[in-house]
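Residues annotated as GTP binding site in Swiss-Prot, with sequence analysis given as evidence: 388-395, 436-440, 490-493. The compositional bias 'Low complexity' annotation in Swiss-Prot covers 10-22, 77-89, 185-218. Sequence annotations record features per position, and here Swiss-Prot assigns compositional bias 'Basic and acidic residues' to 113-184. The compositional bias 'Pro residues' annotation in Swiss-Prot covers 235-244. Per Swiss-Prot, the feature domain 'tr-type G' maps to 379-548. Annotation source Swiss-Prot lists region 'Disordered' at 1-259. Residues or ranges marked as region 'G1' by Swiss-Prot on the basis of similarity to another entry: 388-395. Residues annotated as region 'G2' in Swiss-Prot, with similarity to another entry given as evidence: 413-417. Annotation source Swiss-Prot lists region 'G3' at 436-439. Per Swiss-Prot, region 'G4' is recorded for 490-493, and the stated evidence type is similarity to another entry.
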Amino acid sequence: MVDTKTPGDKTLTMPTKTLTLKPRVEQGVVRQSFSHGRSKQVVVEKRGKRRLGGDEPAAPAAPEVAKKPAPAPAAPPRQQQSRPAPQQSRSGMVLRTLTEDERTARATALADARVREIEERKQAEIEAQRRAEQEKIEKAEREAAEARRKAEEERHRQEDEAKRKAETEAKKRFGDAEPAKKPAETSTTTTTAAPARPATTTTRTPTPAGRPPAVAAEAGDDDEAPRMIRRPGGPARPAPPPKQPAAKPGASKQRGRLTVVTALNADDVRERSIASFRRRTQRLKGHASNEPKEKLVREVVIPEVIAIQELANRMSERAVDVIRLLMKQGAMHKITDVIDADTAQLIAEELGHTVKRVAASDVEEGLFDVVDDSTDTEPRSPVVTVMGHVDHGKTSLLDALRHANVVSGEAGGITQHIGAYQVTSPESGKKITFIDTPGHAAFTAMRARGAKVTDIVVLVVAADDGVMPQTIEAINHAKAAGVPIIVAINKIDKPDAKPDRVRTDLLQHNVQVESMGGDVVDVEVSAKNKINLDKLLEMIALQAEILELKTNTQRPAEGTVIEAKLDRGRGPVATVLVQRGTLRVGDIIVAGAEMGRVRALISDQGETVQEAGPSVPVEVLGFNGPPEAGDRLAVVENEARARQITDYRAHQKREKSAASVSGMRGSLEQMMTQLKTSGRKEFPLIVKADVQGSLEAILGSLEKLGTDEVAARILHAGVGGISESDVTLAEGFNAVILGFSVRANKEAAAAAKRNGIEIRYYNIIYDLVDDIKKAMSGLLAPTLRETMLGNAQILEIFNISKVGKVAGCRVTDGTVERGANVRLIRDNVVVHEGKLSTLKRFKDEVKEVVAGQECGMAFENYTDMRAGDIIECYRVETIQRSL
């Protein structure tokens with residue numbers, strides 16, 4: 001095909017020249033058929049093959065085909081008709097309608113085409129190198145195959161030669177008839193095979209111009225004769241035809257081929273058939289099933305204990321695999337068994353998962369001890385705890401500071417409740433919070449709580465009494481809490497007051513006052529006459545300045561429950577000392593295993609307030625139940641968090657009580673204790689008190705009364721009045737109900753009277769402890785004391801008909817009394833213990849016989865007496881024991 005170029009044609013240049021496609025010389029239209037009856041017309045361009053003159057011997061025949069009249073005139077009209085078309089499109093339709101965007105797009109396409117051309121050239125070079133290497137390898141293989149073929153032919157030739165020699169000898173033997181026939185067959189075969197060899201060199205007839213190339217190729221293939229292959233020593237066989245792709249009709253050969261017309265016609269798009277889509281889906285499914293699934297790494301949350309089945313579910317693993325790993329570690333388990341967190345972590349990490357350890361106590365994280373920013377802190381009032389021995393004047397000193405009278409309100413004139421008050425210093429005007437603690441031995445826990453929440457401890461010591469046991473205990477509490485001590489030597493107005501003796505006694509307990517060269521401040525005061533009270537307040541304020549007490553008032557409140565009780569009209573009431581933040585009405589609070597919402601705040605003066613800042617003692621109303629004294633109080637953000645914390649604490653409390661009651665898996669010491677207490681008598685009690693602190697002190701005192709033989713068994717202890725349920729419980733165990741500063745309601749009193757249940761009321765803890773001690777002493781077994789009366793020696797045994805055997809004895813020591821206990825000793829061995837049934841002297845019954853006299857004795861239910869035995873006479877006394 002020859003391309004001609006007119007002067008109007010433009011070459012491909014950038015950026016003004018456009019990229020156009022020159023039409024082929026021959027064009028045709030073919031209708032394509034698709035599935036479901038669809039079809040469309042496609043313009044087909046026919047390209048002629050360029051043939052070189054030296055390649056094929058059929059080249060001289062080309063002019064003869066060109067001289068034929070049929071195809072010659074048909075070619076020029078097609079060229080004349082096809083040439084003006086590009087000129088018209090270039091002159092009138094392409095260049096005049098091109099926009100700047102189209103020019104830019106075509107320039108971009110041209111640049112991309114150049115890049116692709118460079119890449120294709122590189123790929124072609126690489127492919128050429130690869131083909132050269134492949135041809136070299138194939139050539140070596142062909143040479144090796146040719147060498148093998150020649151060796152094989154040589155071997156066959158030698159075999160044929162040997163056969164021919166054998167046949168020649170056979171012909172000579174059997175005659176000339178068969179040898180004559182054999183050459184004829186051989187010549188016939190040779191003649192038949194001879195024309196087959198030139199057939200391989202026959203050439204195909206050139207394709208006429210008017211016939212499609214596909215049809216010409218088919219005709220040429222049909223005209224070729226089969227090529228014959230002849231091997232040495234064997235008949236000629238037709239060679240297999242070369243493998244060629246199956247020829248298709250001209251129209252179907254262009255089917256699916258992307259041409260310019262097809263690409264520009266966007267409306268007619270070939271669609272995938274449903275069967276093709278199904279095959280593709282099946283193929284993708286097959287590939288997906290054959291590919292190995294990637295293992296998912298999960299974050300496994302592991303609590304303190306977890307069941308094997310639950311662990312497997314959280315890891316999305318099989319429980320069998322988990323048990324197999326445990327077996328490798330030497331542990332045999334079932335899927336329902338529970339394992340600890342460490343073992344579960346090892347299993348999860350072995351299986352390639354990440355572990356997140358959690359504990360039930362995590363609900364309390366961030367509840368307390370949150371560090372405050374130093375820029376948000378403000379000074380706060382000091383908290384001062386007054387401690388000392390009973391009757392040393394602690395409450396009287398506070399009354400003098402507060403200008404109030406609290407002592408008269410306490411039963412017996414002693415403090416049995418812990419109280420918190422605020423006092424304003426007359427000189428500085430600053431407030432000081434005082435906490436009063438009981439002094440007697442029963443309230444050790446109260447004193448310990450007071451020392452924990454305080455900043456300064458005021459140790460009150462009576463000048464006339466000196467250092468006492470509870471004074472020493474208060475010193476130990478203050479040292480354990482790490483708070484400074486101020487010694488207040490009280491009752492200096494008494495004539496027998498000796499302040500110097502108090503200072504000297506304190507040295508024995510590592511409390512060195514300033515007058516003795518130490519750093520502990522001491523002040524001589526008198527609560528009764530109000531002497532040096534202002535100096536005491538001044539020393540407290542000075543110590544508070546040294547401590548630099550600051551806190552953040554805008555944060556959620558934290559505090560400590562000092563006292564708790566169950567009020568009949570107000571419900572659970574807790575006395576709380578706010579330590580950090582500000583407690584407001586409506587806050588959701590948690591203290592121990594109890595929660596609630598603050599309904600009211602009552603100050604120490606009995607006034608209702610809306611908020612309480614740091615170091616302020618208030619009564620809090622709104623708890624669900626009375627908390628325990630000493631519990632820490634905190635404000636939480638919502639009720640859900642508060643419920644989580646209280647549920648966890650209640651669960652912990654139940655577990656502790658269950659473990660103490662069951663005693664299972666206890667230590668050896670616990671087992672020995674249970675053996676000791678197995679035969680111990682119990683005194684059942686039900687204790688009800690007004691406040692939690694008093695109840696705690698009573699229970700501690702009753703526990704100390706117990707011995708190895710008898711102990712108090714507390715069936716129930718609580719805060720509040722005596723109810724009918726308490727009476728019902730006491731009836732089942734025949735228990736005594738103790739009420740401390742509380743009374744039974746009408747129904748409970750009637751039920752107790754009807755069922756014969758004893759209810760005892762007390763206001764002073766000493767009286768309660770003394771009465772219970774006496775009652776428990778009645779359960780103790782009495783002590784038996786043996787008193788020796790005298791000894792007698794048996795001289796002779798007499799048989800009396802009505803009495804039986806009677807021993808004639810002489811009293812050698814002391815006296816022998818009738819009815820006394822006797823012990824028969826033979827050869828220094830006690831053979832009988834009993835009582836004297838008869839004591840006679842000269843046929844008369846007597847009450848006693850003194851030493852040196854002779855008498856007759858008979859034993860109760862015993863007659864085996866011999867001469868020479870010794871009789872000991874003694875008296876047994878019963879002595880009642882007490883705790």
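Positions of Cβ are set from backbone N, Cα and C atoms, glycine also.
Everything Swiss-Prot records as a feature, shown here on the structure.
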residue	record	DSSP (3 states)
GLY388	GTP binding site	strand
LYS394	GTP binding site	helix
THR437	GTP binding site	coil
ILE492	GTP binding site	coil
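Look at the compositional bias 'Basic and acidic residues' (113-184): DSSP puts its residues at 70 helix, 0 strand, 2 coil.
Tertiary proximity for the region 'G4' (490-493) is limited to same-chain residues at least six positions away from its ends with a CB under 8 Å from its CB atoms, namely 392-393, 396-397, 460-465, 499, 524-529, 531.
If you draw a 10 Å sphere around the CB of THR437 (GTP binding site), it holds 29 other CB atoms from the protein chains shown. Just so you know, the Cβ of GLY388 (GTP binding site) picks up 29 other Cβ atoms within 10 Å once every protein chain is counted. Around LYS394 (GTP binding site), a 10 Å sphere centred on its CB holds 28 further CB atoms from the protein chains shown.
Averaged over the region 'G2' (413-417), the predicted model has a pLDDT of 49. In sequence order, ALA463, PRO499, GLU524, VAL525, SER526, ILE531 are the residues near ILE492 (GTP binding site), counting only same-chain partners six or more apart with C-beta under 8 A.
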